[in-house]
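K.L.:
Once you've had a glance at the structure underneath, I'll fire off some questions.
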Amino acid sequence: MSTNFKYWEPYISPFDPCPPIRVKVYSTPPNLYMTFQPTGMRQYKTAKEALQHGTLWPELFSPYPDSPKRGELDG
Amino acid sequence: MWYYEKKLQYPVKVTECNPMLAKFLIEQYGGADGELSAALRYLNQRYTIPDKVIGLLTDIGTEEFAHLEMIATMVYKLTKDASPEQMKAAGLGAHYASHERALYYENAGGSPWTATYITAKGDPIADLYEDIAAEEKARATYQWIINLSDDPDLNDSLKFLREREIIHSLRFQEAVEILKEERDSKKIY
């Protein structure tokens, strides 16, 4: 399955005025990988769970924000 | 920085003095989906996009300026010897009153170019999708102008520019694919 976030390391100049954010993050939600939704995809078990996620299908759910362990915060 | 070559990317020839065609063409000069918007949009997005696609934005943004120069040449040739009466008859009376025969960054309706034509969302996927949409809209604009034009020499140049929009759209779609790649699953061989 596709990952919801990708990471990249921008160029860090020795003359950058602010402390560098070494790893930057951007979203790649599941819709990017699904040109046309296939039929019969697995659904959430309860209607309440689906409502909370905003979709019937776990495969289409995109978490946000990313876990704080990676991405902009850890530098 | 840039180096300048004193020639057009593709030759521009205009068969007849036709200021009305200039009025339509100015859409690609200072319109929402015109070449100025395209160049500024791409060159501005370069700074905050992942480094793998910065070069593409530089190259295409630079080419858009070459296109802008072609459009400018067309508009100039179509209007340079037009009389004030001809300008008025072509719907360029208001333009003449304000600018005489000078070119101006405005759309076919005479509204000046505005930075609201371009976006920089900061999200790489959103920005590249914007670029793809812009290329398709520019392609469509070229089609509508070709439909309005009966100048075969001018249409030759416009068909070249329309084709470039198609190639640019594909390149931006490839950039999206690059940004979608799973880095860990890339170690295939």
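Using N, Cα and C of the backbone, Cβ positions are placed for all residues, glycine too.
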K.L.:
May I ask you to find which of B:Glu35, B:Glu85, B:Glu181, B:Glu182 TrEMBL records for the Mn(2+) site already listed with B:Glu64, B:His67, B:Glu135, B:His168?
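P.N.:
Among B:Glu35, B:Glu85, B:Glu181, B:Glu182, only B:Glu35 appears alongside B:Glu64, B:His67, B:Glu135, B:His168 as Mn(2+)-binding in TrEMBL.
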K.L.:
Give me the Cα-Cα distance between B:His67 (Mn(2+) binding site) and B:Asp59 (Ca(2+) binding site), rounded to a whole Å.
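P.N.:
With distance taken Cα to Cα, B:Asp59 (Ca(2+) binding site) is 13 Å from B:His67 (Mn(2+) binding site).
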K.L.:
Which of the three DSSP-derived classes (helix, strand, coil) applies to B:His168 (Mn(2+) binding site)?
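P.N.:
DSSP assigns B:His168 (Mn(2+) binding site) to helix.
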K.L.:
Using the alpha carbons only, what distance in Å do you get between B:His168 (Mn(2+) binding site) and B:Asp59 (Ca(2+) binding site) once rounded?
P.N.:
10
